Amino acid sequence: MGNKNSTITTTGHSSSVSTKNKYKKSLPSPLPATSGSAAITTNSTVVLPHSVRRILQNFLLIWLDANIDESKKDFKNSLKHLRHIVASITTFTDSQECVNFLSEIKKEKVFMIVSGSLGQYIVPEIHTLSQLDSIYVFCGNQLLHEEWAKTISKVKGVYTDIEPICKAIQIDRERCDQAMISISFRGIDPLFMYTQLFKEVLLEIDDDDTKSIKELVDYCRLQNDIAEDEIKKIEQEYHHHSPIWWYTTPYFIYSMLNRVYYNIGEYSKALSFYEQALDISKDTLPPNHPDLAACYNNIGLVYYNIGEYSKVLSLYEQALEIRQKSLSPNHPDLAASYNNIGNVYNNLGEYSKALSSHKRALDLRQKTLRPNHPDMAASYNNIGNVYYNIGEYSKALSSHEQALDLRQKTHRPNHPDLADSYSNIGNVYYNMGEYSKALSSHERALEIKKKALPSNHPDLATSYNNIGQVYKNMGEYLTALSYVKRAFDIRRKNLPPNHPSLAASYNSIGSVYCTMREYSKALSSHEQALDIATKVLPPNHPDLATSLKHVTA
């Protein structure tokens, strides 16, 4: 069958916060910040399409508390912590204004911090809204508010301190980032266009061009998400440094560019920026600082997506080593590292090591997370994938059904994570010979993905390939060939030429031709799969053995 769907956890940082007092409609903002200090913004006159107003995060964080006072030390301290996690915050002191704002959100997910006194009344009324993803109750009496909060699955916890809220938001933000989808406008990603235009303006300002600098500063102020102290730094100190220095320094410009490149699939450029971030972090941070682990993790994620798993493993292990030295034994980031390492071992065919890593991640998450937290589902999902690969299908099915059950309780009906669960359950049924159940599961997965993803997204290719394999075993060879070729076309357009998923597609096409007794075409496809497999897989990988068997059979 095609690729199993694993859940990778990212740990990059978006570190700037801007806030709004009372309700002001947030207009589109094409170039938000990702680093700097908290700032209070007032209004916006940018009139770009709403769908491109958030580049670096596909969620909004709102904070509802009748007692918010921006002049108080506690509030400023909370912002200081939150700015390491999110790019912007919108605050409200009035419940109705908050609900009005929330009801206007259509395409973005919303994370919500709410006081216990207001939350006990407003949360039961709004928790079913599809755009509201996660709720964090911030209060002074934890026991009092846990009673009502535990009945609502979207409430991730009841907290008396901002730091655990930040940790919870970071975990949920990483999950949210995984589902981030690039949008397109006449075939061109608008994020890419804005980035290129902004970079061109920045690099072509002449040394004495005061007018251009003023225009750049004025433009940045319109964006609402860029911290005022960083804008002032450009305004006052631009001539003190070269344009290249501004382009690569770790302020909002640099962070904006490196994440935009990753999200539009320009992996080589993303890799270059992440490596620059690592170099800068090494020069400015202690050797075991958690941000260094985040850098190694981000670089590893790029290599993971292009299929270079041996490089990924080294980077993830460096991230884990730093986290083991700098974090508490049950910190969620340790679970994230074990999870990611487990996925790499699974792709390398080292299944006992993969299972061990995923079980360690699950053990940590069981100690620190609510039972219905999405990361619990991710752990069950990934453990199921390993059991699937070692042929223990009853255990695989049990794990994937646990993941699906959790996801159905916490996600909207068309969430991509549900599609992953249906795909994985379909793969298990396929290998158990229950083809009608396999086909039903894969078709449900495809239906969800078509609603949530662009038409050429690689995850769609996985579903097409899986459905094709089921039809092949049901004897409907022409239908099968149509599906596996559709999967191949998507992968060829979107993946590097030596990606393991392309080898999987060649093998799928070859297997269909073989059942149709078109042996020359089958051999050609399997030889192309073997050529890729020998380049990217370790000598003892099961998929390499499969390719060899097809060619020599």
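Start at 1 and count along the chain as shown; that gives each residue its number.
Glycine is treated like the rest: Cβ placed from N, Cα and C.
Positions annotated as compositional bias 'Polar residues' by TrEMBL: 1-20.
The region 'Disordered' annotation in TrEMBL covers 1-35.
Computed over the repeat 'TPR' (251-284), the whole-number mean pLDDT of the model equals 66. Sequence annotations record features per position, and here TrEMBL assigns repeat 'TPR' to 251-284 (among others).
Taken residue by residue, the repeat 'TPR' (293-326) breaks down under DSSP into 31 helix, 0 strand, 3 coil. What TrEMBL lists as repeat 'TPR' is 293-326 (among others).
Through the fold, the repeat 'TPR' (335-368) approaches residues 4, 6-9, 11, 171, 174, 293, 297, 300, 304, 309-310, 312-313, 316-317, 319-320, 323, 375-376, 378-380, 382-383, 385-387, 389-390, 500, 537-538, 540-543 of its own chain, all at least 6 residues removed from its boundaries and within a Cβ separation under 8 Å. According to TrEMBL, the feature repeat 'TPR' maps to 335-368 (among others).
Within the chain, the repeat 'TPR' (377-410) has long-range Cβ neighbours (under 8 A, six or more residues past its boundaries) at 4-7, 9, 153-154, 175, 335, 339, 342-343, 346, 349, 351, 354-355, 358-359, 361-362, 365, 417-418, 420-422, 424-425, 427-429, 431-432, 542. Positions annotated as repeat 'TPR' by TrEMBL: 377-410 (among others).
Here TrEMBL flags 419-452 (among others) as repeat 'TPR'.
What TrEMBL lists as repeat 'TPR' is 461-494 (among others).
Residues or ranges marked as repeat 'TPR' in TrEMBL: 503-536 (among others).
Taking H, G and I as helix, E and B as strand and the rest as coil, DSSP gives the repeat 'TPR' (503-536) the counts 31 helix, 0 strand, 3 coil. Residue counts of the repeat 'TPR' (335-368) by helix, strand and coil are 32 helix, 0 strand, 2 coil (DSSP-based).
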